[in-house]
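Sharing a structure with you now.
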Amino acid sequence: MEAQQASPESSSEECTVLEALPGKGTALICTQHKGKVSALYCLACENPVCVDCINGEHAEHPTDSLENIVDQHLAALQDRVDSAKNRLPQIREAVQCLRDILQQLNSQRSSIEEDIHSSFSELHKTLDTRKSVLLMELEVTYGLKQKVLQAQLDTLLQEEAAINYNCGLTGQALDGGNKAVILQTHKDVGERLSDLASQGLPLQPEENDQLDLMMEIEGLRKSIHNLGTIVTTNAVASQSEASGDGLEQCVVGQPASVVITTRDKSGGLCKTGNAIISAEVCTPDGSVADGEIVDLKNGTYEFQYTVKKEGNFSLALRLYDQHIKGSPFQLKVTSSPDDSSPTTTAANAASTGSSDGGARKRSAKSPGSRSRQKGVRRGGSLFSTPKKKVNPIEDDLIFRIGTKGRNKGEFTNLQGVAACSEGKILIADSNNQCVQIFSNTGEFQSRFGVRGRSPGQLQRPTGVAVHPNGDIIIADYDNKWVSIFSSEGKYKAKLGSGRLLGPKGVSVDQNGHVIVVDNKACTVFIFQPSGKLVTKFGSRGNGDRQFAGPHFAAVNNNNEIIITDFHNHSVKVFNADGEFLLKFGSNGEGNGQFNAPTGVAVDVNGNIIVADWGNSRIQVFDGSGSFLSYINTAADPLYGPQGLALTSDGHVVVADSGNHCFKVYRYLQ
């Protein structure tokens, strides 16, 4: 039988192939000596050979039984297969690890992408809000100046017309030469001409034409250009290491420290901070002694800790939730520096591969800024990446209700808020053209309102109040009237039609009269529920009895009316007849200052609670306007708060318009 052709890569020494012999099963047949079976193995050439080969060219080579060699190779191959298979669990674990990291990386990317969109959306809203404020301030400022100049112009034109008219009459009498006419003209017009000639006139401008805009655009552009940064490192736990005296020993009650040096996959030093490092000092009973991690901002991190009792401890150092090189370390805590044992040092030196016994000197600290984080392990899976931070600040918030939308419990530009003694909270949902009603605990109860411009319909509800008889009173800005509904939401009547230009806020006084704040007319109207006008007061301007875009109203136990004057950045108090009593506030961010106040309420003690729209906060004043305190809103900040009220159980409810929700806060009266 012909031998198979050897491959081009085969050794020149190769002389046999595997071939079946009739009746002999599978055997190795020598290609050099046909019909001869290779029963031996040349150890020098590492090839099977036959007897004739040994008597020939392989005569001087050591040989062994082919069967023995095959058995040895079989055992060796099996060992290698077993060794290779033993790697599979490690590979599977590493694959799962990488999949987890990739999943977390993808999740973190999505989260950051959402944060970027959200942050820039908030910036757009802030810019749009500021744009609206500037435009409104421009209109107010222009209106005040134009009003002064126009009044002066009208006065001078009237005087000019009077002089021309009287001079014309006198000229006609003089030209006629009739003595009787001249005498009568002198009698009728002469004194008038003398008054006109001597009357003091406002000949000098009483206002100027300055309207300038100051915008620090360049600085803002630079800030925006550098706004935000994507933070990461290339550090890996398998290459990162720790050093320092605190790695193997410390003294009870005395601070100890360890320096963690982060490295990339190739062992190169990482030179930036912000890696997620965690550390644990585990006591023998399993408890954890917390320490503090200091980011030195140069790729190294210092773990500072103090242990309060003696014993053998475990020090675990993790980078991105994975143990760094040598972790966990054996830590011996002694009562004095002289009690340290060399055993721990040697063990940690072996685990870290340190040639100096692991007792390396503490590295120098970076001269840059130092960022501190708690030295405890983060929650989550072993391979988790940083999550969004949960603000740990405890504030006065009890609950918040709502998101942006058009369904029950959702809002689009909520404005006015009211509360009643029956334990209900009413929200004027402006852009959804309805009023939504909730319990004091935030449970949705009902809503009513149909969009339209006919009586009984709502076009832009901005203010809401509850009459003592249970009726619901709604200011409709775009329909330019106030609608009255029953407590069940059935339309009853409207008032102010033909008088109001842009009603914003409504309230009810001690007499049951309806107080309407007309934002556009800068006037406060007081109506009987029947619609009869009781009185009105206010005009556009910055005087005590004037307003610039007033928003909401509240009434105290003395039946005094409190108005938030939006563009004059103040709160003004009037009696029931509209006589000015006092005002407080100025433009700014300090205590007692406002950046466009909106919602207002009064507690049983006469203290005044004000929503500070531009500063996104709630301030509390006494009845005389002296600043008392803030309501703590730090953990879940407000964004452009509008209407505000006190619930029947004594809490403050505010329309957080920019966040499309209402919030209820604790309030101690």
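Cβ coordinates are placed from backbone N, Cα and C, and glycine is handled just like the others.
The coiled coil annotation in TrEMBL covers 74-115. Here TrEMBL flags 334-354 as compositional bias 'Low complexity'. Annotation source TrEMBL lists domain 'B box-type' at 25-66. The region 'Disordered' annotation in TrEMBL covers 331-388. According to TrEMBL, the feature repeat 'Filamin' maps to 232-333. Taken from TrEMBL, the feature repeat 'NHL' applies to 398-441, 445-488, 489-530, 534-577, 581-624, 625-668.
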The repeat 'NHL' (398-441): which same-chain residues, six or more beyond its ends, come within Cβ distance under 8 Å?
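Distant contacts of the repeat 'NHL' (398-441): 447-451, 457-466, 470, 472, 474-475, 477, 485, 489, 504-506, 552, 599, 636, 642-649, 651, 653-657, 659-666.
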Which residue counts does DSSP yield for the repeat 'Filamin' (232-333) in the helix, strand and coil classes, in that order?
3 helix, 55 strand, 44 coil
Restricting to the repeat 'NHL' (398-441), what is the model's mean pLDDT?
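Mean pLDDT across the repeat 'NHL' (398-441) comes out at 94.
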